[in-house]
Amino acid sequence: MEPRNQTSVTEFLLLGFSQASVYQPLLFGLFLSMYLVTVLGNLLIILAISSDSHLHTPMYFFLSNLSFADISFVSTTVPKMLVNIQTQSKSITYAGCITQMYFFMVFGGLDTFLLTVMAYDRFVAICHPLHYPVIMNPRLCGLLVLMSWLISLSYSLIQSLLILRLSFCTNWVIPHFYCELAKALTLACSDTLVNHILLYMVTSLLGIVPFSGILFSYTRIASSILRIPTANGKYKAFSTCASHLSVVSLFYGTGLGVYLSSDASSWRGMIISVMYTMVTPMLNPFIYSLRNRDIKRALQNILGRTPYVQ
């Protein structure tokens, strides 16, 4: 059989959550609401940071990049899912599926690296406060974000190019609500050994290396906080990293749930995927704004309210 006949796939079918039409309006309203809250919340964080000169610091620079990555992350999957629900269609073009995979990997990886960079920023701020302005200078901050982008873009491009070389069989059904890489590889007729090796290597790299860096940073942070003599000093030190620690726990907790799920195509697996792809980006702005006086003050200024003075 010629490869040309095998690779004539023009579209994939995304099964999504439910085949019953009675649930489609409920799912559409739920996911549309979550998407709008995510985009609006993260846009407000970016606007608050850019408009308040007091927030032009490394921590908030990384946070604004994280908010942008979260907006982009949810925008790779949710709009297409909403269109499919509204039109009662499950199709996505071959090019659209590859494009969705590419940007999903880019912004998912970018989230991982930015959280690691933010953990390093909190480590320097708490463990080396006197040297913080020198270490976390604008040049280093820019380089850290640039490296995060370059690594994410490079891996995603390589993986996408490797997918383009594959031949696909007649089964083009992906049992998920977005084009998941691992599921798409199971549909290929040609050899996917190289794809799987790269997938496992990078998944381990993106999971183990950043998480180890975060764990090391917070181990050192906890050790430094415990050495602070006063309870008030310990509270102030912990409060500077509590929001980020909450986001890291939510991100890695749901992310690990996706990859450890025994059947990601089941309802349980897809609900865990929703937690990872939609709920986490939606909650991030609330976590940072509710636990951060500076962000709340900036948001109150944007919304036209007089910030309280404490």
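Glycine residues also receive a Cβ, built from the backbone N, Cα and C atoms like all the rest.
The transmembrane segment annotation in TrEMBL covers 26-49 (among others).
Annotated domain 'G-protein coupled receptors family 1 profile' per TrEMBL: 41-288, in sequence order.
Within the chain carrying the transmembrane segment (61-82), a Cβ under 8 angstroms from the stretch's Cβ atoms is held by residues 14, 16, 28, 31-32, 34-35, 38-39, 42-43, 45-46, 49-50, 92, 96, 100, 103-104, 106-108, 110-111, 114-115, 117-118, 121, 141, 144-145, 177-178, 277-278, 280-282, 284-285, 288, all 6 or more beyond its ends. What TrEMBL lists as transmembrane segment is 61-82 (among others).
Residues or ranges marked as transmembrane segment in TrEMBL: 102-120 (among others). Only residues 6 or more beyond the boundaries of the transmembrane segment (102-120), in the same chain, are considered here, and those with a CB under 8 A from a CB of the stretch are 59, 62-63, 65-66, 69-70, 72-73, 76-77, 144-145, 147-149, 151-153, 155-157, 159-160, 178-179, 181, 206-207, 210, 213-214, 217-218, 244, 247-248, 251.
Annotation comment: TrEMBL describes 140-158 (among others) as transmembrane segment. Note on the transmembrane segment (140-158): residues 58, 61-62, 65, 102-103, 105-107, 109-110, 113-114, 117, 120, 198, 202 of its chain, located 6 or more positions outside it, place their CB under 8 angstroms from a CB of the stretch.
Same-chain residues lying 6 or more positions outside the transmembrane segment (197-216) and placing a CB less than 8 Å from one of its CB atoms are 109, 112-113, 115-116, 119-120, 155, 158-159, 162, 181-182, 185, 248, 252, 255-256, 259. As annotated by TrEMBL, transmembrane segment applies to 197-216 (among others).
Taken from TrEMBL, the feature transmembrane segment applies to 237-260 (among others).
For the transmembrane segment (266-287), the list of distant contacts is 17, 31, 34-35, 37-38, 41-42, 44-45, 66-67, 70-71, 73-74, 77-78, 176-178, 243, 246-247, 250-251, 254-255, 257-258: same-chain residues at least six beyond its ends, Cβ to Cβ under 8 Å. Look at TrEMBL and you will find 266-287 (among others) tagged as transmembrane segment.
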Long-range environment of the transmembrane segment (26-49) - Cβ separation under 8 angstroms, sequence gap at least 6: 17-18, 55-56, 60-61, 63-64, 67-68, 70-71, 74-75, 78-79, 81-82, 85-86, 278-279, 281-282, 284-286, 288-289, 295, 298-299, 301-302
Whole-number mean of pLDDT values that fall within the domain 'G-protein coupled receptors family 1 profile' (41-288): 85
